[in-house]
């Protein structure tokens, strides 16, 4: 077999050869750099590392609830969270003991530069006691994401979301994401219970979404008592009879999501067995004939 012989480049061509390589390498580098720049850096990537985020501002939501805005590392950073996922927060007590709690953000998943939470203060709650004494520029440790439910558009004809108190946060995340996706035709029933009209969290955002997507989103509020004299929603609790009349039945292509305080969960679905285990389905939803797989507890 004959092999071709290649002449060694003469000295006078070397600068041009080197220059061509440099230009090509530079073009590849810049192209790669532009590609990297176009991808917003994700903060929470599941590496189990704690990252300190600075508190940017606090806004009063109600008499016992606040919105907390934490700055991400850069203005172009995004959280990296997936739909219906949460993060862990942590601080150390004076005795050196860690206090860790999960929270679901309410900011858009693609929001750049910050992450937002709506958090209620619980008397004697170690984390909320700590959070409610924070001031802008203080930091808090975060880790995530904690995946909850992998949402797939158009998997169900209609979903029913049952929320109580601050349990609205993961449900709001679902509502917001589904309505923003023009390809997702899933219809949504949101039944949300609070102590009083003043305790209804994210009401402006929810009402705006209902006005914008009236054919897709149906919201009904429930309160224990009316402290305004102007409330025109439902008074009392979300009951089995109400669900039987207003939610798709278990024989339909549907899914139910539930999130709220222990008494709320006990009444409708039963509590989770542990943070990672759903536990047995009980309460009103079981009585109505829903299967374990048709109900998800946040």
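Sequential numbering from 1, following the chain as shown.
Including glycine, each Cβ sits where the backbone N, Cα and C put it.
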I'm validating the feature mapping. Which of 13-33, 34-54 is tagged transmembrane segment in Swiss-Prot?
13-33
What average pLDDT does the predicted model assign to the domain 'FAD-binding FR-type' (48-152)?
95
Residue distribution over DSSP helix, strand and coil in the domain 'FAD-binding FR-type' (48-152):
6 helix, 49 strand, 50 coil
Among all the protein chains here, how many other CB atoms are within 10 A of the CB of residue 160 (FAD binding site)?
24
Residue 170 (FAD binding site), number of other Cβ atoms within 10 Å:
25
